[in-house]
Amino acid sequence: MYRLTVIKRFAAAHRLVNYQGQCARLHGHTWTVEVSVGGEKLDSCGMLIDFRALKELVGKIVGELDHSYLNDLHPFNELNFNPTAENLARHIFYKLKSLLPPDLTMSEVRVWESPDVCASYREDVIP
Ligand SMILES: Nc1nc2c(c(=O)[nH]1)N=C([C@H](O)[C@H](O)COP(=O)(O)OP(=O)(O)OP(=O)(O)O)CN2
Ligand SMILES: [Zn+2]
């Protein structure tokens, strides 16, 4: 199985609802989004998917979040869906899954809020 990873960054503002502490106040981050996809079959060029094509797909999703107030955007404007790193990772995972060519699978999305902290989401397969 091959696995590719691409990284994109976006800047946005958010606040955490039902949170006791400073992060309940409006503030911003430059988030780093690390996306990994997998697959078995390489094309005639020896690629699972061109990094450029993958970066374009991830860029489309991340572009919708860039320079926004995340709490106002779907699905974070819904009750109990705070724009945490965990929920961002899940949101990006399923958005990208819907855009991927059928022979590729989503492995993992990691969202870094700063160089020190990150959350990841993946669909674990039960053996
Ligand atoms: N599990 C999570 N915990 C926290 C999240 C999150 O998304 N998932 N988010 C926050 C806030 O967004 C906050 O802005 C980041 O918190 P923190 O790392 O404490 O922020 P600092 O950059 O100020 O860190 P320092 O090390 O204190 O400088 C909180 N928790
Ligand atoms: Zn924050």
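Cβ coordinates come from backbone N, Cα and C, glycine included.
Per TrEMBL, these features apply:
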type: BINDING; residues: HIS14, HIS27, HIS29; note: Zn(2+) binding site
type: ACT_SITE; residues: CYS23; note: active site, proton acceptor
type: ACT_SITE; residues: HIS67; note: active site, charge relay system
type: ACT_SITE; residues: GLU113; note: active site, charge relay system
Among the recorded positions listed here (HIS14, HIS29, HIS67), which has the Cα closest to the Cα of CYS23 (active site, proton acceptor)?
HIS14
Is any of the recorded positions HIS14, HIS27, HIS29, HIS67 within 10 Å of GLU113 (active site, charge relay system) (Cα-Cα), and if so, which, in sequence order?
HIS29
Per residue, counting other C-beta atoms within 10 angstroms of the C-beta, which of the recorded positions HIS14, HIS29, HIS67 reaches the highest number?
HIS14
Assigned conformation of HIS14 (Zn(2+) binding site) - DSSP reduced to three states:
strand
Report, as a single number, how many Cβ atoms besides its own are within 10 Å of the Cβ of CYS23 (active site, proton acceptor).
14
Around the C-beta of HIS27 (Zn(2+) binding site), how many further C-beta atoms are within 10 angstroms, looking at every protein chain?
11
